[in-house]
Amino acid sequence: VTLNPFKHIDRFGTVILPILLIVIKSPFIFGWAKPIPVKFHRLKNPLRDMVFVAIAGPVTNIILALVAASILSRMYNFGLLNNSWLVHTCTNFFLINIILAVFNMIPIPPLDGGRVAVGLLPKYFSYQLAKLERYGFFIIIAALFILPLIGQQIGIPLEPIHWFIQSVSSFLINIIAIISGLRI
């Protein structure tokens, strides 16, 4: 276990891909760190316990979004919205954590949502989904970049990840706004 950020750098996911996306002027930039190793032999019930391990990140993102929304709500209540830097920082922190939680819960391994699905599905379907893990990165890249390009060429919007993230994020934003007292 280390808090040294350099130990978590993935050469492609943390450095090369974000730089490539900046160079090609992508409308968004993303990347990833090295996955955190899980010692399965230490889990009492590996299939069930992996669900808890996988859901920890997205739950943390939602808690952080709730904290940011609560801060924004208090700022609004006390008339402190004139501090635009703090408002923008809290707003971005809120939105980024919502989007990260939703993206990571897409049910495609190796994303957390894929691991949760593998742990919850009946054995046959769980096994079939788990076999996709080695191709999961390519499936995600295809859904993020290739399908939208094909859709553009044939005149049909093909953006499944965008649709998923937008609809689920909107729902979560409204729920968190209600819980935190944030006026949207």
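Positions of Cβ are set from backbone N, Cα and C atoms, glycine also.
Here the transmembrane segment (12-30) has no Cβ contact under 8 Å with any residue of the same chain six or more residues outside its ends. Look at TrEMBL and you will find 12-30 (among others) tagged as transmembrane segment.
Residues or ranges marked as transmembrane segment in TrEMBL: 51-73 (among others).
With helix defined as DSSP H, G or I and strand as E or B, the domain 'Peptidase M50' (84-145) counts 52 helix, 0 strand, 10 coil. Per TrEMBL, domain 'Peptidase M50' is recorded for 84-145.
Feature annotation from TrEMBL assigns transmembrane segment to 85-106 (among others). For the transmembrane segment (85-106), the residues of the chain that approach it from at least six positions outside its boundaries are 57-59, 61-62, 64-65, 68-69, 71-72, 75, 112-114, 116, 140, 161, 164-165, 168-169, 172-173, 176, judged by C-beta separation under 8 angstroms.
Per TrEMBL, the feature transmembrane segment maps to 135-155 (among others). Sequence-remote contacts of a segment are chain residues at least 6 beyond its ends whose Cβ falls under 8 Å from one of its Cβ atoms, and for the transmembrane segment (135-155) they are 106, 108-111, 114, 161-162.
Beyond the transmembrane segment (161-182), the same-chain residues lying 6 or more positions past its ends with a Cβ under 8 Å from any Cβ of the stretch are 62, 65-66, 69-70, 72-73, 76-77, 94-95, 98-99, 101-103, 105-106, 140, 143-144, 148. Annotation comment: TrEMBL describes 161-182 (among others) as transmembrane segment.
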Within the same chain, the residues 6 or more beyond the ends of the transmembrane segment (51-73) and with Cβ under 8 Å of it are 38, 43, 87, 90-91, 93-95, 97-98, 100-102, 104-105, 112-113, 115-116, 119-120, 172, 176-177, 179-183
